[in-house]
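Asker: The [4Fe-4S] cluster 1 binding site feature in Swiss-Prot is assigned to Cys61, Cys64, Cys156, Cys190; the stated evidence is similarity to another entry. Residues or ranges marked as [4Fe-4S] cluster 2 binding site in Swiss-Prot: His228, Ser231, Cys256, Cys262. Swiss-Prot lists Cys271, Cys290, Cys293 with the feature [3Fe-4S] cluster binding site. The signal peptide annotation in Swiss-Prot covers 1-44 and rests on sequence analysis.
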Amino acid sequence: MSQLETXYDVMRRQGITRRSFLKYCSLTGRPCLGPTFAPQIAHAMETRPPTPVVWLHGLECTCCSESFIRSGDPLVKDVVLSMISLDYDDTLMPPRHQGTVEETMRKYKGEYILAVEGNPPLNEDGMFCIVGGKPFLDQLKHAAKDAKAVIAWGSCASWGCVQAAKPNPTQAVPIHKVITDKPMIKVPGCPPIAEVMTGVITYMLTFGKLPELDRQGRPKMFYGQRIHDKSYRRPHFDAGQFVEHWDDEGARKGYCLYKVGCKGPTSYNACSTVRWNEGTSFPIQAGHGCIGCSEDGFWDKGSFYERLTTIPQFGIEKNADQIGPRGRRGSGAAIAAHAAVTAIKRLQNKGDQA
């Protein structure tokens, strides 16, 4: 391995100066690891060759790739040309023979990362998704055989997404239903945030292992908190200030979108912290509630505009006379439930850190 060209060697060959390299390492770690990890990122890139990656596509809309190529920190060109060796991706590479996959599997047996976008259909022996004249189901099993680890990009690969919506005539399934003997990290979202995708790759390059995962197989660094808890509209939820109808006074004042269907209280993602388009905005900031696209089964859970629960809410600006005995009971239950979920989450985090 020492004779192989390291990621740093590749960058120097591309004309990158030492100063620019160190700046790059600092910026690369900022979204996911923090600037203090820049020395570790630099050491990893100086001592390890680019990680070989095979990226396959099944039943999907390619939105994960569309998100990935818009990463700002790091830029996708730096990821693809310097950090990893993207040996095969039929969307992001020039036309090449399918033999490229076989060559990578032979050359880097047990060392390459298999990234999967989309999912396999099981019905009719996988004939509902044919890539290069072969069922994607068979290609997926074959490519995973000698992989070091597997990345499930997006909700299609992680949960099944709309392809698996009832009645699911193609029997589309998430990839963990097919690949059961490999370390796997799920990066759900429809699509995932670009910097979340490149952040996962950065972590794996830096530490040579998968990041810490939650019980559903998602990286805790990005999926460890509810969107609701970090949303700038959260104070309006606590104050009982809600948008009741689209374009009402509450909507114009930026009140909480919970009553018009926002799934932020039950969705775990980095949307309210990392945000989209290089930190510019996210759906709730743009005035639309979260649809919970990173959560399993979101596509079959009813309208995006249905309220999560009918339990009454009350806020800090209302007094007991306005709420009434009935409202106090219902609202108290709602707040108790909300507080309980938050407290349980904090205890779980403390337990994980212990």
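Even glycines carry a Cβ here, placed using N, Cα and C.
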Asker: May I ask you to report the DSSP-based helix, strand or coil state of Cys256 ([4Fe-4S] cluster 2 binding site)?
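Answerer: Cys256 ([4Fe-4S] cluster 2 binding site) sits in a strand per DSSP.
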Asker: If you measure Cys271 ([3Fe-4S] cluster binding site) to Ser231 ([4Fe-4S] cluster 2 binding site) at Cα, how many Å is it?
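Answerer: Between the Cα atoms of Cys271 ([3Fe-4S] cluster binding site) and Ser231 ([4Fe-4S] cluster 2 binding site), the distance comes to 9 Å.
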Asker: Determine which residues of this chain, when His228, Ser231, Cys256, Cys262 are set aside, have a Cβ within 8 Å of the centroid of the [4Fe-4S] cluster 2 site's Cβ atoms, and list them as they appear in the sequence.
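Answerer: Surrounding the site, in chain order, are Ile227, Arg233, Arg234, Phe237, Leu257, Tyr258, Gly264, Pro265, Ile284, Gly289, Cys290.
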Asker: Looking at the binding-site residues Cys61, Cys64, Ser231, Cys256, Cys262, which has the shortest Cα distance to Cys290 ([3Fe-4S] cluster binding site)?
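Answerer: Spatially nearest to Cys290 ([3Fe-4S] cluster binding site) by Cα position is Cys262.
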Asker: Taking only same-chain residues 6+ apart in sequence, whose CB is under 8 Å from that of Cys190 ([4Fe-4S] cluster 1 binding site), what do you get?
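Answerer: Spatial neighbours, sequence-distant, of Cys190 ([4Fe-4S] cluster 1 binding site): Cys63, Gly154, Ser155, Cys156, Cys161, Cys293, Ser294.
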Asker: Any idea which of the binding-site residues Cys61, Cys293 has the thinnest Cβ neighbourhood at 10 Å?
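Answerer: Per-residue Cβ counts within 10 Å for the binding-site residues Cys61, Cys293 bottom out at Cys61.
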Asker: For the recorded [3Fe-4S] cluster site formed by Cys271, Cys290, Cys293, which further same-chain residues have Cβ atoms within 8 Å of the site's Cβ center?
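Answerer: Surrounding the site, in chain order, are Gly189, Ile227, Lys263, Gly264, Ser267, Asn269, Phe282, Pro283, Ile284, Ile291, Gly292, Ser294.
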Asker: Can you count the other CB atoms that lie within 10 A of the CB of Cys256 ([4Fe-4S] cluster 2 binding site)?
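Answerer: A count of 27.
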Asker: For the [4Fe-4S] cluster 1 site given as Cys61, Cys64, Cys156, Cys190, which other residues of the same chain have their Cβ within 8 Å of the site's Cβ centre?
Answerer: Glu60, Thr62, Cys63, Glu117, Gly118, Trp153, Gly154, Ser155, Cys161, Pro191
